[in-house]
Each structure stands twice: as C-alpha cells, then as structure tokens.
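Asker: Below are the features I grabbed from Swiss-Prot:
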type     : residues : note
COMPBIAS : 1-11     : compositional bias 'Polar residues'
REGION   : 1-22     : region 'Disordered'
MOD_RES  : Ser10    : phosphoserine
REGION   : 51-91    : region 'Interaction with CDK2'
MOD_RES  : Tyr74    : phosphotyrosine
REGION   : 87-198   : region 'Disordered'
MOD_RES  : Tyr88    : phosphotyrosine
MOD_RES  : Tyr89    : phosphotyrosine
COMPBIAS : 104-113  : compositional bias 'Polar residues'
COMPBIAS : 126-137  : compositional bias 'Basic and acidic residues'
MOTIF    : 153-169  : motif 'Nuclear localization signal'
MOD_RES  : Thr157   : phosphothreonine
MOD_RES  : Thr170   : phosphothreonine
COMPBIAS : 175-186  : compositional bias 'Polar residues'
MOD_RES  : Thr187   : phosphothreonine
MOD_RES  : Thr198   : phosphothreonine
Amino acid sequence: MSNVRVSNGSPSLERMDARQAEYPKPSACRNLFGPVNHEELTRDLEKHCRDMEEASQRKWNFDFQNHKPLEGKYEWQEVEKGSLPEFYYRPPRPPKGACKVPAQESQDVSGNRQAVPLIGSQANTEDTHLVDQKTDTSDNQTGLAEQCPGIRKRPATDDSSPQNKRANRTEENVSDGSPNAGSVEQTPKKPGLRRRQT
C-alpha cells in the first residue's frame, strides 16, 4: 500500500483523526428549528385544550368538566340506564392486538387446551369422556398482563418429526404375506382420470 496517493483535495489522515477525536460529526437526525422549549409547549397544549373545552361548552351547552347541563338551546334530560341501548353503558372492547384468554378454558404454555376426565356418576366405566377444565375467572385474569401466550388455532405437536404424507407400511405388515417383503415404504397411486365425453 505504499503506492497509494492521497489527493490534495481530501484531508490528510492525520487531520481526519484529530477532527474525529475533538469534534464528532453531527448525526444525520438534526433539530431543524432549535431546541424544544418544554414549558412553552406545555402552556400551548393547555391553552389549546381549554379553547376546545370552551368551544364544546358553547356548542352543546353542557359543562363536561363538572358533568352538568348549562342554559342554552339544548334541553338536557336525565334518563334511566335501562332505557338506553346497550352500547352506551357496556365496557369498551379491548384493542385488536390485546390478548384474549377465555375464562372457561385453561391452556398450557404451548397453547394446548387442557382436559380432565369426568369423575363420579357422570363418567362411564367403558369410555372416559373428556371435558374442558373450568377455572375461576379471577385466577385467570390476574396474570393476563404478564403472560399472554395467545390462542393457537391448532394444538402444538409433541413429536419433533413432521408427518410424512406417504403411506408408511410397518415391517409386520410387510411380513404378513405381501409379495414384496423388501420394501418398507410404498407411495399410493392416484386413480386414473376419467374423461367425460359429451
């Protein structure tokens, strides 16, 4: 690299090293209008909120701060909760990305629903029926904020190997009198396509 020449237009390496050490290059993200005055910004925001509140009071003749009607062109009447449509008093829906865990079903960490067998008079001795395990809603909602595994559409598989779509034949089936005892696996054949003549 001794043959490399630095042109006169570019600064020498010594000058670049000195400049980087003393004065770092300003970042690409710059404040175009100077530093932010947070006190002035807070005052402007409070003034804007007051102006909006006063405009709403004049428009609807209602004091939204004290929840009382004012004199004006509208006549406010108090009504019973039962006479209103449900959407006026029901709690708001959670945001779309929020975690939903049903209260009736408990899930393990991988998202599989747990099931318990029925005990006592409800259970049959020949075949055991499985039901979803019911949990207390207060127990279930205490940890909603901390852990949100999400609900899986299908349960997680226990085995790590993917399922093979080919029809596997076990060795005991092969030795049961099949003509080709050497092959362990057989690919199923598609039936021939039937063409309709019109």
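Cβ atoms are placed via backbone N, Cα and C, with glycine included.
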Asker: What is the number of other Cβ atoms found within 10 Å of the Cβ of Tyr89 (phosphotyrosine)?
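Answerer: There are 9 such Cβ atoms around Tyr89 (phosphotyrosine).
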Asker: Taking the modified residues one at a time (Tyr74, Tyr88), which has its Cβ surrounded by the most other Cβ atoms within 10 Å?
Answerer: Tyr74
Asker: For Thr187 (phosphothreonine), list the number of other Cβ atoms lying within 10 Å of its Cβ atom.
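Answerer: The answer is 8.
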Asker: DSSP helix, strand and coil counts for the region 'Interaction with CDK2' (51-91)?
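Answerer: Here the numbers are 16 helix, 4 strand, 21 coil.
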Asker: Could you state the whole-number distance in Å separating the C-alpha atoms of Tyr88 (phosphotyrosine) and Tyr74 (phosphotyrosine)?
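Answerer: Rounded to a whole number, the Cα-Cα distance is 20 Å.
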Asker: Averaged over the whole of the motif 'Nuclear localization signal' (153-169), what is the pLDDT?
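Answerer: Averaged over the motif 'Nuclear localization signal' (153-169), the predicted model reaches a pLDDT of 61.
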Asker: In whole Å, how far is Tyr89 (phosphotyrosine) from Tyr74 (phosphotyrosine) when you measure between their Cα atoms?
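Answerer: Approximately 22 Å lies between the Cα of Tyr74 (phosphotyrosine) and that of Tyr89 (phosphotyrosine).
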Asker: State the Cα to Cα distance, in Å, between Thr187 (phosphothreonine) and Tyr89 (phosphotyrosine), rounded to an integer.
Answerer: 62
